[in-house]
Amino acid sequence: MRPAFEPAAGLGRAHPHETTPRSIDADVAIIGAGPVGLMIANILGLQGVRVVVVEKLTQIIDYPRAIGLDDEALRVFQSVGLAEALLPHTTPNHWMRFTLNGKCFASIEPRTDEFGWPRRNAFIQPLADQILYRGLERFDHVSTLLGHNVDRFAQDESGVTIDATDAHGVRTTIRAAYMVGADGGNSFVRRTLDVPFEGRTKPNQWIVIDVRNDPIGSPHVYLHCDARRPYVSAALPHGIRRFEFMVMPGETEEELSKPENMAALVRGVVDDPDKVDYIRQRVYTHNARLASVFRVKRILLAGDAAHIMPVWQGQGYNSGIRDASNLGWKLAMVVKGTARDALLDTYTMERRAHARSMIHLSEVAGDIFAPTSFVGTRVRDAFVRCFDVLPSLKRYFVEMRFKPMPRYEDGVVLLARRARSEGMLARLIASRGHGAFGRLVGLMSEKRESLLGRIVHGRDAQAGTPVGRMYIQPRVRVADGSIVRLDDAIGNRFAILSWGTDPTFGLTPEARRIWSALGGCFVLAKPDPQLGFRDDVPEDVIAIGDVDSRLRDWFARVPESVVLLRPDRFVAGMCSPQCVSECVSQLAQRLSLSVATGAQADDATFAPAAGLVGA
C-alpha cells in the first residue's frame, strides 16, 4: 500500500508538502477509510484492481464504536487473509444476557458454527480497522489519501471525477471507473447524490463509557432492563469494559461527562467508582435509516452511508462487512471486463432487503431492552414472564431463531422470479415501524418459512431451498492430509461442488469456457476415508474429505447433489450432475457475463485461497 501522499504504482509520485495539483487514475475510488471502505479495498486489492481510498481524517479512527462481530463477518476477514491477525483481539462465544430486577430472563448464546466461526464474538474495533488498513500494504496498486477532504465529484458515461484537498490546500484530482461512498451515516456522497435516507431517530440518547482494568471482570454482555435507567455492561478483550447508560430527559453530554457525574452513573454497578480507569465517553443517538437505492450509475453506497441501525444486536458493523463482501467481487468482475455493469444492479437487489431486516431486528431488541413508555415497559415485563411458562418461546429467543439470515430471492441466484404478496395483511405488516408490537410481528413474518411468514406472504415454494443462502463452511481434509476450513481449501472464486461424483462429467465445451472465464474451480467432496483413492478424480478437480460428515448431512437434506457457489460463498444454484451445463449457462446470464474468448478469460482469473471474499 502506498502512503497517504503517494499515488499508486505507475501513476507518478507526489511529495507530502507538494503545492502543485496532481492527478491519479484508478479503477475504483473509495470515499471513507472506515471498516467497510477498507474491507472493499482489501477485496479489490487481492483481485489486482487499482484502488484509491480517500479519507478526510488524518488517521484511522482510534476509538471503539462497534463491539460485536458475527460469524459471517469473520468469514469475510478469513477471505482476505486477515482472520488470524484479528483473532487475538476477539472473545468468541460472547453471549448477550437480558436481566430484569436482578434476574437473567434470557441469554442469547447460539452455539452453532455452520459458517466456520463462532456466531457471536466481542472485539476491539480500532484494532480490527488497523488490521484492515495494514492489510493494504500487500498491494502496490492500492493507495490511500488520508487527510483529504472530497470537495466535489461528478460522473459521466465512462467514469467518476473526484476533487479532493489536503490540509495544505493541495488539490488532487482522481479519475476512476467507479466510486464507492463508504463515508458514514452523514455521507457526503449520499447527500450529494440526493438519495433519500428514510427512517427514524430514537428520542433518547445514550452515553458510552469505556474503561480499562475491568472493574467487574465477569464475561459476556449484560443488558439490564432497569425501568429507572436501562444500562449495558459488556466485557471486551484486553481488560476493557463498556458501560452504556440511557440519557434521561434534561441531562446533557457536558454534564454527564464530568467526573463526579460519571462516578454517579457507575456507582450502582461497581464496588468503588473512584477507582475506575476511564478511557473515554461519548453520547450518541440511535438511528434507523435506509437509503432508497445503493447504486446511482457509477457510484455505489456501502455501510453506514447506505444504512444505519441501533446498536442492540451489534449488526451495524456486520451489515457493512456484508455489503463489502457482496460488492467487492462484482466490482472486480466489472472493472476487468468479465461482466457488464448490469451486474452491479444486483448489489441493491441483494443487500437492501437484508439491511432492512437487520434494522428491524435491532429496533425490536431495543424495544425489549429499553421501551420508551410506561405502557411499553409493562408489556415487555409481561412478555418476559411468558418465558417461564412457554419454554418454546424462550428457546426461539435465546437461540436467535428470529435473526433474519441473508436470503437472496433476486440477483445472481438461479431462482424463479415471483411476485410478492400485496394482500391486506402484508400491507399492514409493511407499516410495522409504527410501534414496538408491529415491529416484532413484522420481523417474525420476514422468515417466509415460518408460520407467521406463510400467513402474511402465502406459501413459499422456495422457502426450503439453499439457493440464495450462505453455504456452510465445515472442516475438510485436502490432498496433503491437512485439515482446513472449506473456503481455504477451494480458494476465493466461483466453485462447482459435488458430492461423491465428478462435477465435470458431461460438461459441454461452452460450459467449460464460461467457467474458465469466471476463473471457477471444480470440487469433489468425498467421505474422508475415500480421499486417498484418486482414480475417480480428474486432474482439474479438487478433492476434499468430509472430516465431520457435515457436507454429507447437508447434501442429505436437499434433493440435488451439485451446488454452484459464488465468490462470497452464497449458493447461486443447485442441480443434478446431468444438468450442470445448463445451470452454468443460466448463471452466466444472471452475471451479465461479457467474456467471450479464452484470451479475455485469462485476464479475469480470480485469486486462489488467499484471495477474494468468502472463498
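All residue numbers here begin at 1 and follow the chain in the order shown.
Cβ atoms here come from the backbone N, Cα and C positions, even for glycine.
Features of the protein shown, as given by Swiss-Prot:
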type	residues	note
REGION	1-20	region 'Disordered'
BINDING	27-56, 294-304	FAD binding site
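PHE294 (FAD binding site) falls within neither a helix nor a strand when secondary structure is assigned with DSSP, and so counts as coil. For the recorded site, GLY45 (FAD binding site), the DSSP three-state label reads helix. Listed in sequence order, the residues of the same chain lying 6 or more apart from MET39 (FAD binding site) and placing their CB within less than 8 Å of its CB are VAL76, VAL80, LEU132, GLY320, ILE321, ALA324, SER325, GLY328. All protein chains included, LEU300 (FAD binding site) registers 27 other Cβ atoms within 10 Å of its own Cβ.
A strand conformation is recorded for ASP27 (FAD binding site) in the three-state DSSP classification.
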